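As structure tokens, the structure follows; a few thoughts come after it.
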Amino acid sequence: MANEHSPLLVHGVYSMMGNAEDSRGGSAGTGEASNPKTDPRKLNTFFGVMVPTILSMFSIVLFLRTGFVVGHAGLLHGLLMLFVAYFIISLTILSICAISTNGAVEGGGAYFMISRSLGPEFGGSIGLMFYLAKVCACGVYVLGLVEAIMDVFGQDPGSSVAQGLRVLPQGYWYTVLYSSVVLLLCMLVCLVGAHIYAKASFLILLVVTVSLISIIISPLIVSPQGFNITHTYGNNHSVTVSPSYTGFNSTTLKNNLGPRYSLDYSTNTMMSFATVFAVMFTSCTGIMAGANMSGELKNPSESIPKGTIMAVAYTFTVYVLLYLLLSSTCDRSLLLNDYAVFQRVNVWPPFVTIGVYCASLSAAMCSMIGASRILHALALDQLFGLPLAPAAVTSSSGNPWVSVLYTWALVQCTLFAGQLNVIAGIVTVFYLLAYAAVDLACLALEWASAPNFRPTFQFFSWHTCLLGIISCVVMMFVINPVYSSASIVLLLLLLLFLHYRSPTSSWGYISQALIFHQVRKYLLMLDSRKDHVKFWRPQVLLMVSNPRSSCQLICFVNQLKKGGLFVLGHVQIGDLDVLPADPVQPQYNFWLSLVDKLGVKAFVDLTLSPSVRQGTQHLLRITGLGGMKPNTLVLGFYDNSYPEDYFLQDPVFCKGDRSEGDNFGVDLPSLQAHFPPVRHAESPRALQPQEYVSIIQDAIKMGKNICLARYFFQLPPESKGATYMWGKDSMDTIDVWPTNLLTPGSASYADVGSLFLLQMACVLNMASGWRRARLRIFVCVESESEDQGWLAKEEQFRELLGKLRIRAAIKIVAWDNVARMVRGPNTESQPVSEDFLCAVNGLLKEHSSTAAVRFLYLPDPPSSCELSQQYLTQLDTLTRDLGPTLLIHGVTPVTCTEL
């Protein structure tokens, strides 16, 4: 006996019956038995693609709106509409064939294709829009069926007494009542199971085919005749017309060539090209039936393109033939005033009646089934959270009965429109939007040039995809600008909602492939030989030992990069030769999650090395790509203090919402547990003074600027969710001391190191978090030059700042007493005294104790490794208890005074 996994053969819901849970890791139902696994039916091209596609495109519009289209649009406009519609769907068919032959399409149909191609945000939003299109289409078919029933069994508009078979009273509320009863029947059948349609589909196709044959041969048998047709409008105002059926007649054909848009007798609204096209296009919305069957076909790469194209060509031929028959045999009045014109002029009217009932009822039921399967797929993917969570529940046989109930309720709302023509425009707009999304998915895959995008169907290009997108969007606005604008606004709102929820998935993100493609292209264009000092910007490599003690520094350097490269580097001590696996690769997700938590724009580069020095050398050489490589190395300061654990201070880490979803497999507890505790008194140091100073020397030898950062743990939190950001207060200052304080009088304020220091301070002052801070530059002078010397020094420096376009307050600092403490030139063999260093430190405290951050000149490191400890001791004394301080040594020109 067939179960819920029996392949459907009608209306685009075929593979939706498959075991969707298998592809998503299990059902989301509560306690329901899992679906029994059965081998998929192996279908050929005819039964697997042609039959479902033909049935999907031969809906109620074929029988009840073909005359409406020809009557209002005329033969020429009608054929133009047909060509435009089939041109649009043909472009989309090419995209469908390409995507579907690049992998099996599972439950969800178009939603599955779009979501797995474009990612969860776009896929989820378009999937919901496509679901709404299916809901509205179901309403169209139900209203069309009721309309067909009323044509046979409805009382005459001018009579209140039943006559023969015409026993059903007519009116708006009666239409809603009858539609609700039909919809209830559809819902009950859908709750029982969808396998009924898998058995009946070929029989339905035979019935529809017999009806079509009777329509085509009727002009050869039925003789010309006249009719009296009465329509009742508001206030029981009745109008009777007397159209005629002429048989094949050249005069009739000539009269029906041009358009004659007039009032629609069912809605009493004026028709136009757009409104008629909207009704006609609903007959072209079943083209995805074959693509949805890819998992059930013997040879999907051959059957989907061949079957879909053959089915579309067949339906196009039938529609053209019917347009020609109606234009040649029925006068305009008959076409405008009777939707059931095929039944009125048929050799045996019940042929058409049976065809209408079979086509519309099966279409309505299968649209409901298709919509419920899309909703079920959305619920299983958990994109919209709790509102759709119940829709994931299934019966023991796998029938998503809750999704059916959801869909029934929404379709019931559409039935209050009361007329097929009223909601046909909405259906068309939603379907066009879905088709545009399919074309966009194929275009994105083609542009991304991913090696794994190798569809066996090759008759497409980015030109066809782009043309399909443009055609769909243009026709949307031609049909109804209001509906189109509203649908796009709804789509954007759904996109923003899903982007805000940031759902993670294993489907892959097409955006990443497109970004990679574009970044690669532009990186190749970024030629380091064309670098110019005018366009210099910081490209920073920040070495991080343990993020627990470095988060404030990471956030600070993020402000310092000025749109340049920012890389967090970390060296894992070890030797790959003696390790069973690389310990670095599993760490990347934790570091990237840390970057997300801090809200910084940084890359992460980790390496395995026997020593920190060798690892830093590796990173300085290989970090970056092309013209984007670090030009500045930032290190934490080397001293004997014990670091503080930032994770215990910032609410983002210590009070984070542990119920929030993980970030690509890394939740907050995992992130906290991954990084080791900070160093304490008993912990051995992985880095010795000689190695630390050697790293500074290596960076200078490699032409990298160097910055040493001290006391940045004193800065308040600046990560996402923090309530305070430093530099926001206009009273905060950035203090710059652009001279080598260890060699008084021997350094110029215009050397490379001083200018680099000024540039970095200016860059920080330009950052959004520090824009309101005041920049102060301290110029140290000796009073021996008297007042005129002081003024000359200040004027000279002010002129330099003017050329560099740096806005800053210049502070003149007399340091005669400090300078006298230097016994001679500061050399490696004769360093400055401890008293001098303490005096300079006191001078800095006196003038910069309230600064938010200080920029100091970093002296050259000693060439001898024996003097490394002495060098670090000097720096320690110089910056002791100052607060956040950056010691900077520049080796590259970074300023320009010319245009």
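The backbone N, Cα and C atoms fix where each Cβ goes, glycine too.
Taken from Swiss-Prot, the feature N-linked glycosylation site covers Asn228 (among others). Taking a C-beta cut-off of under 8 angstroms and a sequence separation of 6 or more, Asn228 (N-linked glycosylation site) has the following same-chain neighbours: Thr240, Val241, Ser242.
Here Swiss-Prot flags Asn236 (among others) as N-linked glycosylation site.
Residues annotated as N-linked glycosylation site in Swiss-Prot: Asn249 (among others). In the three-state DSSP classification, Asn249 (N-linked glycosylation site) falls within coil. Counting every protein chain shown, 17 other Cβ atoms lie within 10 Å of the Cβ of Asn249 (N-linked glycosylation site).
On the 0 to 100 pLDDT scale, the topological domain 'Extracellular' (64-78) averages 92 in the predicted structure. Residues or ranges marked as topological domain 'Extracellular' in Swiss-Prot (evidence: sequence analysis): 64-78 (among others).
Among the features that Swiss-Prot reports, topological domain 'Cytoplasmic' is placed at 100-125 (among others).
Under the heading topological domain 'Cytoplasmic', Swiss-Prot lists 197-201 (among others), citing sequence analysis as support.
Look at Swiss-Prot and you will find 223-269 (among others) tagged as topological domain 'Extracellular', backed by sequence analysis.
Look at Swiss-Prot and you will find 291-306 (among others) tagged as topological domain 'Cytoplasmic'.
Swiss-Prot lists 328-350 (among others) with the feature topological domain 'Extracellular', giving sequence analysis as the kind of evidence. Sequence-distant contacts of the topological domain 'Extracellular' (328-350), counting only residues of its own chain at least 6 positions beyond either end whose CB sits under 8 Å from a CB of the stretch, comprise 63-68, 70-72, 147-148, 151, 214-215, 217-219, 221-222, 227, 229, 231, 241-250, 252-253, 255-256, 260, 262, 265-266, 356.
Annotation comment: Swiss-Prot describes 395-399 (among others) as topological domain 'Extracellular', evidence class sequence analysis.
Taken from Swiss-Prot, the feature topological domain 'Extracellular' applies to 443-455 (among others), supported by sequence analysis.
According to Swiss-Prot, the feature topological domain 'Extracellular' maps to 477-487 (among others), an assignment based on sequence analysis. Sequence-distant contacts of the topological domain 'Extracellular' (477-487), counting only residues of its own chain at least 6 positions beyond either end whose CB sits under 8 Å from a CB of the stretch, comprise 129, 273-275, 277-278, 281, 425-426, 428-430, 432-433.
According to Swiss-Prot, the topological domain 'Cytoplasmic' annotation covers 511-563 (among others).
The topological domain 'Extracellular' annotation in Swiss-Prot covers 585-749 (among others), and the record cites sequence analysis as its basis.
Annotation source Swiss-Prot lists topological domain 'Cytoplasmic' at 771-899 (among others), citing sequence analysis.
Taken from Swiss-Prot, the feature transmembrane segment covers 43-63 (among others), and the record attributes it to sequence analysis.
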Q | Result, the transmembrane segment (374-394) in contact with the transmembrane segment (422-442) (3+ CB pairs under 8 Å) | A | no
Q.
For a three-state summary based on DSSP, what are the helix, strand and coil counts in the topological domain 'Cytoplasmic' (771-899)?
A. 55 helix, 24 strand, 50 coil
**Q.** Tertiary contacts of the transmembrane segment (202-222), as residues 6+ beyond its ends and Cβ separation under 8 Å
**A.** 9-10, 47, 51, 54-55, 58, 63, 245, 247-248, 318, 321-322, 325, 328-329, 342, 345-348, 351-352, 354-356, 358-359, 362
